[in-house]
Amino acid sequence: MEEPASDHSAIRNRWFRRLPATLRLKTSVLAEISGAVGDLGTYIPIVLTLTLVSHLDLGTTLIFTALYNIVTGFLFGIPMPVQPMKSIAAVAVAESTHLTLPQIAAAGLSTAAVLLFLGATGLMSVLYRYLPLPVVRGIQLSQGLSFAFTAIKYIRYNQDLVTSKTGGPRSWLGFDGLVIALISCLFLILTTGAGDSYKEEPSSSEPLSGSESRSGRRIRRLRILSMIPAALIVFLFGFLICFLRDLSVLKYLKFGPSKLHILRITWEDWKIGFVRAAIPQIPLSILNSVIAVCKLSADLFPDREVSAMTVSVSVGIMNFVGCWFGAMPVCHGAGGLAGQYRFGGRSGASVVFLGIGKLVLGLAFGNSFAQVLSQFPIGVLGVLLLFAGIELAMASKDMNSKEESFVMLVCAAVSLTGSSAALGFGVGIVLFLLLKLREFDCSSSSSSSCLGFQWMKPKSNAEEDESTHLLA
């Protein structure tokens with residue numbers, strides 16, 4: 001009776017070994033799928049807003065972002081997100097004169113050209129290598145807290161996505177009420193906790209004392225809870241509410257993908273798109289879509305750290321492919337990576353699953369699927385975004401010295417107050433150099449050391465091993 005099960009296990013193992021290394025599951029299939037929806041708290045509101053306000057074709061965007069997800073899953077081997085360029089989206093819908101679709105595409109292409117140049121020439125790698133860690137942590141902290149503040153606003157207040165304005169307090173009852181959002185939040189807390197993993201099993205070879213037995217039972221219980229695909233359940237719950245709120249949305253669904261066409265971008269579109277949207281987006285993309293993503297990948301996946309050059313080139317190529325067809329400008333975001341990791345994504349398979357889901361919806365329903373998404377409860381999206389933002393902000397917990405924490409907090413405060421990552425970055429760099437200048441001493445060291453830049457250079461493996469040996 002055991003032979004068929006053994007044969008089935010052997011066949012399954014052979015099948016998994018044939019997968020590319022980047023797609024081999026690190027956890028269960030359900031956990032990877034649950035992680036895949038971890039960044040939808042950002043993706044859905046922005047895409048839906050651009051669809052309603054700027055006449056973005058949702059079907060085209062779903063298809064192209066699906067292809068990006070699948071390719072990045074194969075390429076990076078981690079749950080690398082594909083997210084909207086937030087600054088471009090904010091400018092497109094927030095100002096009195098909304099950007100047209102060609103102007104949005106021009107802004108995305110301009111930003112992509114800068115990142116492609118920096119990545120291809122190696123300048124992005126140089127910037128990543130010598131950038132002070134406290135400044136990077138400050139950018140991550142500010143972005144994470146910004147997500148969390150937006151999430152709380154989504155949960156507490158009614159949102160008008162078309163006008164990008166916050167309305168009155170959200171009612172307690174109803175399909176998009178506070179009760180639904182709070183139930184979703186409590187469910188995620190009970191199942192995922194603070195995001196800790198519980199892989200260790202108590203040894204069964206030796207008898208356990210009473211306290212060890214209780215600890216073992218607690219760990220087993222927490223492991224069982226952590227195996228529940230919590231984010232996936234919450235997302236499907238919200239998806240079900242779409243139809244419960246208004247069953248008439250079904251009659252708006254039309255089968256078949258959107259028609260692809262190449263945008264005609266005039267010189268005026270290039271000028272307006274670059275000045276109004278690309279200029280504020282470029283520093284944000286460099287800092288959050290490349291530098292912060294690479295650092296976060298090193299924190300979460302030490303054996304699979306992605307290079308700044310690859311990420312930068314990836315953003316450039318994605319937009320040079322899709323923007324010409326009217327797809328939304330996209331990038332890789334640290335918040336999306338934190339969210340997908342928080343809910344179970346551990347390999348490239350996570351975003352491949354997400355890409356397959358987007359591709360099916362884009363090919364099956366095209367732009368008509370926007371009618372369904374417009375009914376998705378914003379409070380539930382706020383809950384998903386809240387957990388993603390907190391996970392990103394928690395990356396700053398390794399700032400142990402007072403000096404590092406000081407630089408990080410000032411950088412984060414300026415970024416949040418001025419709503420500009422570039423301003424916070426500039427202040428953080430100046431502050432870091434001023435603190436190093438206080439310790440300036442060229443009498444017994446080289447000029448590079450006395451200026452403090454030696455602290456910023458990463459140690460080689462040999463240097464790290466030697467330091468560890470000396471400490472031991």
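One is the number of the first residue shown, and numbering goes on along the chain from there.
Backbone N, Cα and C atoms are what each Cβ position is placed from, and that goes for glycine too.
According to TrEMBL, the protein carries these features:
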- 58-78: transmembrane segment (TRANSMEM)
- 104-128: transmembrane segment (TRANSMEM)
- 172-190: transmembrane segment (TRANSMEM)
- 224-244: transmembrane segment (TRANSMEM)
- 306-327: transmembrane segment (TRANSMEM)
- 348-370: transmembrane segment (TRANSMEM)
- 376-394: transmembrane segment (TRANSMEM)
- 406-435: transmembrane segment (TRANSMEM)
Stretch among 224-244, 348-370, 376-394, 406-435 sharing the most Cβ pairs under 8 Å with the transmembrane segment (58-78): 348-370
Dominant neighbour of the transmembrane segment (376-394) in 172-190, 224-244, 406-435, by Cβ pairs under 8 Å: 172-190
Positions on the same chain near the transmembrane segment (224-244), where near means CB under 8 A and six or more residues out: 28, 30-31, 33-38, 40, 175-176, 180, 184, 187-188, 190-193, 196-198, 250, 343-344, 372-373, 375-377, 380-381, 383-384, 387
